[in-house]
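Encoded as structure tokens, the structure appears first; notes follow it.
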Amino acid sequence: MAGAQPGVHALQLEPPTVVETLRRGSKFIKWDEETSSRNLVTLRVDPNGFFLYWTGPNMEVDTLDISSIRDTRTGRYARLPKDPKIREVLGFGGPDARLEEKLMTVVSGPDPVNTVFLNFMAVQDDTAKVWSEELFKLAMNILAQNASRNTFLRKAYTKLKLQVNQDGRIPVKNILKMFSADKKRVETALESCGLKFNRSESIRPDEFSLEIFERFLNKLCLRPDIDKILLEIGAKGKPYLTLEQLMDFINQKQRDPRLNEVLYPPLRPSQARLLIEKYEPNQQFLERDQMSMEGFSRYLGGEENGILPLEALDLSTDMTQPLSAYFINSSHNTYLTAGQLAGTSSVEMYRQALLWGCRCVELDVWKGRPPEEEPFITHGFTMTTEVPLRDVLEAIAETAFKTSPYPVILSFENHVDSAKQQAKMAEYCRSIFGDALLIEPLDKYPLAPGVPLPSPQDLMGRILVKNKKRHRPSAGGPDSAGRKRPLEQSNSALSESSAATEPSSPQLGSPSSDSCPGLSNGEEVGLEKPSLEPQKSLGDEGLNRGPYVLGPADREDEEEDEEEEEQTDPKKPTTDEGTASSEVNATEEMSTLVNYIEPVKFKSFEAARKRNKCFEMSSFVETKAMEQLTKSPMEFVEYNKQQLSRIYPKGTRVDSSNYMPQLFWNVGCQLVALNFQTLDVAMQLNAGVFEYNGRSGYLLKPEFMRRPDKSFDPFTEVIVDGIVANALRVKVISGQFLSDRKVGIYVEVDMFGLPVDTRRKYRTRTSQGNSFNPVWDEEPFDFPKVVLPTLASLRIAAFEEGGKFVGHRILPVSAIRSGYHYVCLRNEANQPLCLPALLIYTEASDYIPDDHQDYAEALINPIKHVSLMDQRARQLAALIGESEAQAGQETCQDTQSQQLGSQPSSNPTPSPLDASPRRPPGPTTSPASTSLSSPGQRDDLIASILSEVAPTPLDELRGHKALVKLRSRQERDLRELRKKHQRKAVTLTRRLLDGLAQAQAEGRCRLRPGALGGAADVEDTKEGEDEAKRYQEFQNRQVQSLLELREAQVDAEAQRRLEHLRQALQRLREVVLDANTTQFKRLKEMNEREKKELQKILDRKRHNSISEAKMRDKHKKEAELTEINRRHITESVNSIRRLEEAQKQRHDRLVAGQQQVLQQLAEEEPKLLAQLAQECQEQRARLPQEIRRSLLGEMPEGLGDGPLVACASNGHAPGSSGHLSGADSESQEENTQL
């Protein structure tokens, strides 16, 4: 695999195990400070380790998802009750002095800010400690966090089984709540499984086995996507796969082609048989070595079929390289829980950051106020709250190594201008951290030029301090007096101002009264700014009003220098930044704590290279770092090979938003600090990336960013010699249980990496009101060339149609497996979600240029290639002489690399992605080339930037939400009208039938007397004929009256349907026009974005050309720079003109496509109107016959049993049967067409 370590990694991860004590349960008193409640409960954990559960006072089972537990604490770190009543009940103040050891606090929550504290007190001694340790192990288990799809479904089943009511039964309402997106669908699935489905009912646990639950899920969430996969891989209509088909599928589709076949051999028949035995539920299929669709579905969700290999999750990289060789998980302003101006500071944030894998936290320390004079942490010159430094250090000592044993860096931003309080800070560090605090450098790594930094392995369990260091200059130095004099003057002025004002908080400014001469860090140091400068801008009104709050511009300037020394360039303007614009100088006590992380002011990469001190590091605000990244990217990479660099957000991010960390990982910056309290895409990417390598907080940088003999340009667009590029295709097939609402869902696929590798906002269409089991199965998203896969990450995220976040997953590109896989989604804080998942298909492989594909195929299957050569030789022998054939064979063998013919694919299984066109590779010209690009290359550049915008097809617009709502309303209106007509028709029919029956009875009575004598037979016959004639005329009148009513009703329905059709056509036309307007707006935005992107590419090429020119002959440098600028202007003008021409052509194509859609709509309108008129006419023509048949029937007595007669006899309106329902179905079909 690209970027993998040689050999097979020995997996160290272990699955979660629940000890007997937790399964059996223990007695605790659960107490709550807010409600003053305390209840005796029995805590238990289910055998799988999914949930912590207990029975509350209402006899309902409460559960806590163990994966949401962020920490467990006992002893002095657990929360103590403050309520006197609770303290009395728990026994505090009594003779038992070991009560603290019985306390346990469970911290849980969806993110580090919104945490919930559950407080327990064990009844027996030592119970709390066992529970705290075991619960924490379960919560932090990496395999549990990355469980298979089947495991998460089993987890949902376990929750339902645990949450029983007082009778020990499973309430149906809990099932409806778990699958709340479509409750009707849930009820139908429960009923089809023979289970109770009424909300008020409950189910016996023995009736709800795991097999029944799986059957319920299959009924609830139909899977046509898996049926299609089975068909594609060779089932061919059969409901099963044979052993050979399954083995071929796993070896050809599910196998990573980048793996070595010796170290990772293909699946053998015996192994495939074991998979069938594990996943196939049907015994008959099992006996025949076959896998059914249900067994295949289980296999896809099994642990063997994860999207990532387990070694990617394990601690699998070399941890013995210098610290500078790693990306280190870092936090900025760790104490804040919200914004930068008025947010709340919290000690808990330090715990949560460290537990989340952060290895570098920031401490902004300020001088404490009398009388305590305790240093505290806050964000200076803002209204953020304060927390004591001592509490923070104790929290760090408690949690520093609970999730990772590797070193923690304390990044001090020191504003304590009191020698006494700085000494107190140092003493706190020594006493609280003890032996964990690294004070003296390691013997193997002295603080000397050229000596590399120690490794994370060397520093395991150690805490390092980053703080300005005090250096004493040599006594006989030539410029010592020159340095000392201005500093002494500055210090005397500061001392006088300190004596006059005695400020003690950052809100009023903190003068550097303890600044001492000679604090140079080996570099020239400028004068301190007058300490009371910020007060000039306050005025009396500002002082009376309260704390001085900086504006965004001031904050950016302040943050820009927060960890650097003062600017020494007198030409640069100064600003009123307050004392927080620079740290105060360190005293001797704090300086002795600094060793391998010594901050210095950054001057240039050349100066740092000459000093060659690996233990010196510099901090960059993101804007300055971007400037260096843009101007000198390769030098930045070289700097980060030896020394550490820390990047932090600019001060204008007052909302605590984050920059994209990938920008600075690309140049090898180690300490890329982010605001952990803001879970935006940048923080989500950070959390996802640092999940790997055992969540150690350290990720080894790619080899080219570490080796001193290799140079690396992060802006390269070509394959780098020695780095195996990758190709990746991702097809989003379907989703399952993505939301608890009945809404549309869409999926975005992004790639983050080098600029050439980064792709944003690939997106599927939005499903139509289906969040249970949407199926997309669209064209794949293609990433044809990933230049540096070990630094690239894939993000797959699902959203509701309104843009609400559903879940996402961050995957390292170099570890993604090929084939069909479930991606179980995570929340913003990277915690696993139980039910939401996506089924995707991936093709991951080593990148091969198109002109080398034939060579690659020959190397993959050399036997087939040689056989093809032999076959060609034999064919030649039949046409020419034997001797010439031999010569031709030799020639063929000599030139086979140039004459490789087209070969049939060695893979007999068709790919679901074969139908999609392959994206052409990007331009192969180096952006650093100083020659003007050829027209063909420039056209490739335009094509790579330009995105196509196609008009929305009419069929897709018919599914628009507005049209769906209109159709629903029209169908409801038509149903109401028909019900009204049916009632009238049934009433009239009943009256007519009664009249016919009465008339017939009267006629028989009149004829009956004549039947007693035989003398008047002729007269009786005549009377009978007259009676029959009168009866027939009466019948005709009855039929005619019903016919007139039905004709009027049919005409009314026809008129209503015509109105509906015209409304629907009008609404469809409006939808088309709205879609066209939206596309034009989007096209305009795309035009601007493409122009900016083109300009960025051209500017980057110019910068690279200038950099190359500077490294060549200095005498020709000026002339060459002038020529580069001239060519840049010419190429920019020409490229923008070509881009505008291409954009105009794209606009014309879009207009033509939209006109075609409107023309299609215009052509369909008369057809639909004519079709409706014909349907109504035919329905009217059928009325006489239908009414006579319904009213009179075909019986000789004259009274039939047609639908209307039946309805009239039963006394209710007809349902879906009969002649009245035909128009209804026609209307539904007509609406479906729209």
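From the backbone N, Cα and C atoms, a Cβ is placed for every residue, glycine too.
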Record (Swiss-Prot) lists phosphoserine for one of Ser202, Ser1105, Ser1221, namely Ser1105
Candidates Ser537, Ser897, Ser931, Ser1225; Swiss-Prot annotation phosphoserine sits on Ser537
Quick one: mean pLDDT on the region 'Interaction with SHANK2' (1231-1234)?
48
Students should find that the Cβ of Ser1105 (phosphoserine) has, within 10 Å, a number of other Cβ atoms equal to 22
Within the domain 'PI-PLC Y-box' (590-706), count helix residues (DSSP H, G, I), strand residues (E, B) and coil residues, in that order.
45 helix, 20 strand, 52 coil
